[in-house]
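Undergrad: Can you read through this structure? Questions will come right after.
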Amino acid sequence: MYTYHREIITLLSILFSMMHFSFVKADGEILPPTIQKLMKGYNKYLRPFFDNGPVTVGMSLDIASIDTISEINMDYTATIFLRQRWTDERLCFEGNKSLSLDGRLVELLWVPDTFIVDSKKSFLHDITVENRLIRIYPNGTVLYALRITTTVACSMDLTKYPMDKQTCTLQLESWGYNINDVMFYWTRGNDSVRGLNTLRLAQYTVEDHYTSVSEAVYETGRYPKLIFHFDLKRNILYFILETYVPSILLVVLSWVSFWISQSSVPARICIGVTTVLTMTTLMMGARTSLPNANCFIKAIDVYLGICFSFIFGALLEYAIAHFCTLRLSNQKNSTQDMDDGDIDMNGSIAAVSSEANNQTQVTNREKKTNGWNNSAFLKAKKRLRCIFYCLQVENPHHIDNYSRLSFPLSFMVVNVLYWVYYLYF
């Protein structure tokens with residue numbers, strides 16, 4: 001038992017010796033004398049100017065890339081170079097050259113607790129080492145740079161999609177230090193953010209960008225905030241070629257039926273049904289790229305609805321024209337049958353005529369008896385007859401003639417109103 005305790009004590013003493021040796025090696029060999037002198041008595045848990053007001057932190061950004069802008073998730077993914085500058089009086093040293101340190105030595109220094117407010121997911125690049133830079137100047141100024149890829153939320157208004165303009169932001173705040181401890185500022189104003197002018201985005205063009213300084217108010221206090229705004233304008237050429245032109249061509253194709261004879265029932269029905277189904281497929285394909293839960297009535301939905309209405313109207317036009325043609329032919333056949341009956345049966349017609357006169361007299365007596373000669377009722381009856389006669393089509397072929405002119409003109413007027421409204425209002 002005694003031997004066992006001696007072995008444990010010996011093992012622990014060896015471990016403590018190794019740890020002491022590693023500390024001495026880290027303090028004596030890895031760190032150069034200048035850094036050792038700076039780190040002597042340095043406490044990284046206390047901010048600079050701990051008792052002399054807040055420390056000011058200047059920031060600047062380089063936008064390396066904006067990879068994706070998602071309307072479904074309402075966010076964008078960007079890779080940025082974040083640079084922060086502040087002065088730490090404890091890190092002043094003699095000389096006229098700055099010290100560039102290994103990024104892993106940031107663990108020995110105090111750094112601001114900056115975070116991206118609307119970030120959904122972020123990570124620091126670590127190939128081949130962590131992409132961090134530390135540079136110390138003789139006057140105690142510290143430059144701290146990071147390479148970060150972040151996915152940031154961006155609230156979008158899609159009511160004018162795809163002719164919309166979106167304004168996204170990148171907000172930087174201090175997590176634990178309020179305005180009494182830390183103050184943020186942009187080092188060069190609007191020029192503090194660079195890289196957007198050289199970006200080439202798939203669907204967007206960066207129109208404008210600017211910076212602002214604000215404060216975030218929470219229950220725990222007021223915290224410094226820096227905001228970077230940038231305006232994105234969607235490129236509509238892709239949607240014109242992909243959606244607008246095909247839908248216009250489908251509407252024009254539905255008008256071809258106006259020049260086809262009404263007796264060609266299969267041909268006109270085939271054109272109408274085919275264009276309706278194709279337009280339905282085009283509408284479903286346009287909606288799959290956007291979320292249904294946003295409850296936005298988008299500009300492209302309005303246009304596709306207009307095109308679908310014109311195509312469906314062309315199909316209904318043939319149904320009405322065909323119905324009027326059948327009704328007119330039935331009336332002609334009945335009139336012809338009555339004429340033949342008059343020629344062959346003169347005596348019968350005379351008898352029927354006398355009987356009809358008798359019935360007319362009886363009917364007139366009943367009307368007088370029952371008060372059907374009311375003037376108001378007669379006026380209403382005349383008006384209904386006029387309306388009925390006006391709605392009757394003497395020649396159903398005129399329906400196609402009117403449609404050949406009315407459909408294109410009305411479609412052009414609706415297009416002018418649509419594009420003027422969504423492009424200029």
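Backbone N, Cα and C atoms are what each Cβ position is placed from, and that goes for glycine too.
What TrEMBL says about a protein is an automatic prediction, not a curated fact.
Per TrEMBL, the feature signal peptide maps to 1-26. Residues or ranges marked as domain 'Neurotransmitter-gated ion-channel ligand-binding' in TrEMBL: 35-235. Per TrEMBL, transmembrane segment is recorded for 236-257, 269-290, 302-324, 405-424. As annotated by TrEMBL, domain 'Neurotransmitter-gated ion-channel transmembrane' applies to 243-363.
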Undergrad: Could you tell me the mean pLDDT over the domain 'Neurotransmitter-gated ion-channel ligand-binding' (35-235), as a whole number?
TA: 92
Undergrad: Under 8 Å between C-beta atoms and at least six residues away from its ends: which parts of the chain pack against the transmembrane segment (236-257)?
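TA: Contacts of the transmembrane segment (236-257) (Cβ under 8 Å, skipping residues fewer than 6 from its ends): 162-163, 203, 267-268, 271-272, 275, 278-279, 282, 286, 300, 303-304, 307, 310-311, 314-315, 318, 403-404, 407-408, 411.
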Undergrad: So if I exclude everything within five residues of the ends of the transmembrane segment (269-290), which remaining residues of that chain have a CB under 8 angstroms from its CBs? That is, six or more out.
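TA: Tertiary neighbours of the transmembrane segment (269-290) are 71-72, 158, 161, 243, 246-247, 250-251, 253-254, 256-257, 260, 296, 298, 300-301, 304-305, 307-308, 311-312, 314-315, 318.
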